[in-house]
Amino acid sequence: MHTDLRADQKAEVLIEALPWLEEFAGQRIVVKYGGNAMVDDHLKQCFAEDMVFLRQVGLHPIVVHGGGPQISHMLKALGIKSEFKGGLRVTTPEAMDVVRMVLTGKVSRELVGLINAHGPLAVGMSGEDGGLFSAMQRRPVIDGKPTDIGLVGDVVSVDASAVEDLVAAGRIPVVSSVAPNEEDATEVLNVNADSAAAALAAAVGAHKLVILTDVDGLYADWPDKNSLIGRIGVENLRDMLPDLESGMRPKMEACVRAIDGGVPQAHVIDGRKPHSILNEIFTSAGIGTMVMPDEGLEMRSSYGY
């Protein structure tokens, strides 16, 4: 890879990462893979390289992914009409077959292949495997009343044993966001990948949850680009949730869920930037928006970092 940095500047970059390498050695990092990083070939490659780098320097990355654009493309190719209610896709049994096929048979396989080009590290699985996730069917309130949107659910419980076994074996789990229905294990639900990643991060005792998106982070006054929030306490974020726009709200709700579940830090970062995960984890400035427990935020502020 070509770079204009001098040798001494390259050394400075590596040295800047040293305290973070020491802090995060042996820690689990759950990464929600989504947005443009899933559809741009160069960004896909960068993401895979980031996961390999994390593993090789002693961290334990765990990936959770959705696949909205790929699902929409396949439904269109198969002539299956997508209906939306209140901005949410209605998932019929026919559409659910496509969701399952695309997530576990296409998106997962592609990412596993990109990672494993660097060595036999990644293992694909879904929320169905090993009883990882259990979900409850969602009935969102639209126009003031509960609405049936089909086979869509929320993760309500996690058995992370299968993921723990893979991590202990030095593997990188790549988890597709589908899960059996808690009320009928033969029925599979499409679950929100942000929320699933948050639930898994809490279950495995992750040090960080990192969510990739297509904006720089959370803005206090969107679309004012100067209002980007670098750090925020979980209670302030909780107060903001009702007023957030529909695309950002589930991501910030996932951050709140992770912090409430004991994860020390949750981040929303711009996945359109190559190697954004490494920039967040291994640089002093970081990028995007970091969510922390209020007491953790106060402690960082008192120490000036």
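Heads up, residue numbers simply count up from 1 along the chain you see.
A Cβ is built for glycine as well, from the same backbone N, Cα and C atoms used for every other residue.
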### Query
Can you pick which of Asn190, Asn226, Asn236 Swiss-Prot lists for the same substrate site as Gly67, Gly68, Arg89?
Asn190
### Task
Note down the number of other Cβ atoms within 10 Å of the Cβ of Asn190 (substrate binding site), including every protein chain shown.
26
### Task
Report the same-chain neighbours of Gly68 (substrate binding site): residues 6+ apart in sequence with Cβ closer than 8 Å to its Cβ, ordered by sequence.
Gly34
#### Entry: Cβ within 8 Å of the mean position of the Cβ atoms of Gly67, Gly68, Arg89, Asn190: remaining residues of the chain near substrate
Gly66, Ile71, Ser72, Thr91, Val99, Leu103
### Summary
Cβ proximity for Arg89 (substrate binding site), under 8 A, sequence spacing 6+, ordered by residue number, returns Ser82, Glu83, Ala95, Ile149, Val152
#### Entry: Integer Cα-Cα distance in angstrom, Gly67 (substrate binding site) to Lys251 (site 'Transition state stabilizer')
15
